[in-house]
Amino acid sequence: GVAAFVVVLPPYFINGWRRRGKTAEQLAAMAALEPAYRRKFVPVRRLGVGYVVVVLLLIFFTVQSPLVSYTKVSRGGSVALGVITIALVLCFFLMLLPLPWLGGMDSMDGSTDEEPVRANEEEEEEEEEDGCGKGVDPATTNTILPKTSEKEPAALPDGATSASDSAVEVPRDFRYDGTVWDNLKRLDIWLIFIVFIFQSVMGVIVVYNASTISVALTGRKRSQQTSALYTAFLGVSSTIGRTAMGMFEAFVQHQPPNNRRYLVTLALPLSPLLAAIAGILLLTLPGEAILFPYIIVYFEEGVFAAVGALIFPSMFANDHAVYYNVGCMTTVFSVVGFNRFLFGYVVDAKHASLGFGPKEECSVPECVRIPIIVASCVGAVAAILSLVLHIRYSRFVRKMRHEMEERN
């Protein structure tokens, strides 16, 4: 929360607030800084330090959680575990140490920063010499191509307008351009929101009602140890899912410019498909194996969280924060519609119809079977819609690449 007040967006990211009171020339100058920023990459060694810390935390929590849940740990042992946890978390700051060996530091002669700045200055000089309408669209943060048909969605690749752009071109796929209102007229944005609602159903039901489902499927009373174990695996599996999706996105964005075979949207069907598989396993596996489908659900929730953060900047050129916030709000529909009205009402109705007392829990699989079936079916539908969305976006990218080749 605090970071939201101190993080400063790069100057080339022109939102509605920054656009106020500025001329087209000022906006163009701000947008022209994008190539210099795009050429900056996180040093591999610093990134490696971060991944090592994440792996150590995953191993530590995977071992520590069952140990604390099912064994009696002394006060001294608890203090030691807490100290180790704090120390491992603080190890993330090792990525920020001003050590030349870690990379990313300017040399004594300042040569690290001169190259992108020089490239940027050459780009601006060539744009001034052209004077033929090319350059930066004052209404967006993207450089523009010659006008296309109004019926065709204009996706504008970074650095595609002048010869100097090839030196600083960032290998990124074409994206939908336009305002929020323009993109709301496209089917793709609505498919994304529908997929978000449908695929989050299984995650919401399992995460919010893990103990209730466990009691129904195993017939055992809920315990603090079991709840702690579920919570621990939720964090570990979700972290692995987020990390895996982040690595996939990095792989996609770093494909060679002339051989970009994979799109970020390829990962869209994974999360709802895993949700449907987890639901089937909950319905078929014995209660003693409930932890396995739980881990799948926790993993797909991590994948979904990463997809929600990455999909909008990958598909749309502008207003990423607006789409992301609306995407986060879709969880409200899942919580209210499927968790409260579906799961809550069905469990309460089964609890009463099966004759359980007010202080007794519903301890038979029939209590939770209908919500899990519905969540599995909805997840399968979300997987199909995600595949449709991926196909639509793939066709759009291929079409724009073909038009770019014809122009060149």
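Note: Cβ is positioned from N, Cα and C throughout, glycine not excepted.
Predicted automatically and left uncurated, TrEMBL annotations should be read as such.
Keep in mind the model is a prediction, meaning the values are calculated, not measured.
TrEMBL has this to say about the protein:
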type	residues	note
TRANSMEM	47-67	transmembrane segment
TRANSMEM	79-99	transmembrane segment
REGION	109-164	region 'Disordered'
COMPBIAS	121-130	compositional bias 'Acidic residues'
TRANSMEM	189-208	transmembrane segment
TRANSMEM	263-285	transmembrane segment
TRANSMEM	291-312	transmembrane segment
TRANSMEM	324-347	transmembrane segment
TRANSMEM	370-391	transmembrane segment
Any contact, the transmembrane segment (370-391) to the transmembrane segment (189-208), with at least 3 Cβ pairs under 8 A: yes
Any contact, the transmembrane segment (189-208) to the transmembrane segment (47-67), with at least 3 Cβ pairs under 8 A: no
Spatial neighbours of the transmembrane segment (79-99) far in sequence, C-beta under 8 Å, 6+ residues away: 46-47, 49-50, 53, 56-57, 60, 64, 68, 73, 105
